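A.B. asks: Here it is: the structure, laid out below.
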Amino acid sequence: MVKNMDTIVQLAKHRGFVFPGSDIYGGLSNTWDYGPLGVELKNNIKKAWWQKFITQSPYNVGIDAAILMNPKTWEASGHLGNFNDPMIDNKDSKIRYRADKLIEDYMQNEKGDENFIADGLSFDEMKKIIDDEGIVCPVSKTANWTDIRQFNLMFKTFQGVTEDSTNELFLRPETAQGIFVNYKNVQRSMRKKLPFGIGQIGKSFRNEITPGNFIFRTREFEQMELEFFCKPGEEIEWQNYWKTFASEWLTDLNISEDNMRLRDHDEDELSHYSNATTDIEYKFPFGWGELWGIASRTDYDLRQHSEHSGEDFKYHDPETNEKYIPYCIEPSLGADRVTLAFLCDAYAEEGVEGSKDARTVMHFHPALAPYKAAVLPLSKKLSSEAIKIFEQLSSSFAIDFDESQSIGKRYRRQDEIGTPYCITFDFDSLEDNQVTVRDRDSMEQVRMPISELETFLAEKVKF
């Protein structure tokens, strides 16, 4: 089926996945709040990432670094000098656009070219395309553009009571630098030998020129990043390892391979620190978008921080007796983007045998579903007994309890929020201590002893 972004956004709002930020005050552009189901979904995604990339990995450990860092960090990392986007303004609408995205949107929507990449083009090359193609502002419909200029993406703030340059700080634009400055602390305290990785999940902030597409590109966002350190010369081998590992993590959690692709960056598209980068992209209803960047950052970050801080980041290899600064592979995943991908991939409208009405269903992997099961008393007269099943299961799983409206409407409601199993407690349950368990995807129903429910769910929702 062809999926519509507006329909998915409306479902997300209606069912409590995502709400507009500051909604009662008219909102704030491009801010979103995760509702009761959205926060459960996103937390389950983060848990699944941490489980596979940190807890179950023989290589990796985790940290949680501060958002506010010494400003020298950003000077050393290159963010103060290099963390810029190409900005262009339409003189009539007074709206500012990111030039490369303006071009890419035009090529996709007007030319049907989904693979055109403007990142890496010079300012002159981008301006020539805009002029030659007659690309217009989506609002004013005019091509009255300024020249393209650099725009630094970091949010500036101040610590203390005075707002002067000595108290200037920045909200971190990525979580990675908190890992790099802690490299020696982690390596020494955990007695790690190469290869090993350090991962973390946390908020980052970028003053994006043209955010949009719901939670895909926002100014406040969450990252799940791993910095994996290895011997120079082995970085491409490890990059390939993490490309496969990341792709399998997505497909194991029910992301369709048909909606995924791996795209290698061209040489002129690479970031200043990278000698090889591959993006795992997802086909959203609005087009292909980056989910996961898997970059070989070489020794750039550790070398920069070594030079600026005076700290020695050389690793003494016990096997070869060499000393060198490790290379780094970075699989960087946006938590909000991948949450959107799971929402889009799970969404379906399906016909129901014997009914003229279609059902809307979210086919989440059970490990990601906000609720693992819903307990549904057939009648409110049975609620006092059915609630005991809820209490029994909710100590181990996220369980919903729903006693309002007909059982059919409750099934549809649970389908629409992606609950894998509905447990119906009926009048026979009072006598035989069994319940009816309905499967979300197949809609098949089986009778099961109440005593077996916990074991059944544990097996079905594991990842």
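In case you wondered, yes, glycine gets a Cβ from its N, Cα and C as well.
Since this is a predicted model, take the numbers as computed values, not measurements.
Residues annotated as substrate binding site in Swiss-Prot: ARG98, GLU174, PHE221, GLU222, GLN223, MET224, GLU225, GLU330, PRO331, SER332, LEU333, GLY334. Residues or ranges marked as ATP binding site in Swiss-Prot (evidence: sequence analysis): 206-208, 216-221, 290-291, 334-337.
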A.B. asks: Quick one: what's DSSP say for LEU333 (substrate binding site), helix, strand or coil?
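C.D. replies: In three-state terms, LEU333 (substrate binding site) counts as strand.
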A.B. asks: Can you check which residue among the binding-site residues LEU291, LEU333, ALA335 has the largest number of Cβ atoms within 10 Å of its own?
C.D. replies: LEU333
A.B. asks: Relative to the Cα of ARG337 (ATP binding site), which of the binding-site residues ARG98, GLU225, PRO331 have a Cα no more than 10 Å away?
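C.D. replies: Passing the 10 Å Cα cut: none.
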A.B. asks: Measure from the Cα of LEU291 (ATP binding site) to the Cα of every one of the binding-site residues ARG98, PHE221, GLN223, GLU225, LEU333, then give the nearest.
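C.D. replies: Ranked by Cα distance from LEU291 (ATP binding site), first place goes to LEU333.
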A.B. asks: When the Cα-Cα distance from ARG98 (substrate binding site) is computed for each of the binding-site residues ARG206, GLU208, ARG217, ARG219, ALA335, which gives the smallest value?
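C.D. replies: Nearest in space to ARG98 (substrate binding site), counting only the binding-site residues, is GLU208.
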A.B. asks: Quick check on the binding-site residues: of ARG206, ARG217, ARG219, ARG337, whose CB has the lowest count of neighbouring CB atoms inside 10 Å?
C.D. replies: ARG219
A.B. asks: Hey, of the binding-site residues listed (GLU208, GLU225), which one tops the CB count within 10 A?
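C.D. replies: When each Cβ's neighbours within 10 Å are tallied, GLU225 leads.
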A.B. asks: Do you know offhand how many angstrom separate GLU208 (ATP binding site) and LEU333 (substrate binding site) by C-alpha?
C.D. replies: 18
A.B. asks: Based on Cα distances to ALA335 (ATP binding site), point out the closest of the binding-site residues PHE221, GLN223, GLU225.
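C.D. replies: Checked the binding-site residues PHE221, GLN223, GLU225; minimum Cα distance to ALA335 (ATP binding site) goes to GLN223.
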A.B. asks: CB neighbours of ARG98 (substrate binding site) within 10 A?
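C.D. replies: Excluding its own Cβ, the number within 10 Å is 22.
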A.B. asks: Of the residues named as substrate binders, ARG98, GLU174, PHE221, GLU222, GLN223, MET224, GLU225, GLU330, PRO331, SER332, LEU333, GLY334, how far apart in Å are the Cα atoms of the most distant pair?
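C.D. replies: 25 Å is the greatest Cα spacing among the residues binding substrate.
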A.B. asks: Could you give the Cα-Cα distance between ARG219 (ATP binding site) and PRO331 (substrate binding site), in whole Å?
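C.D. replies: Rounded to the nearest whole number, the Cα-Cα distance is 21 Å.
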A.B. asks: Any idea what the Cα distance is from ARG206 (ATP binding site) over to PHE221 (substrate binding site), rounded to a whole Å?
C.D. replies: 8
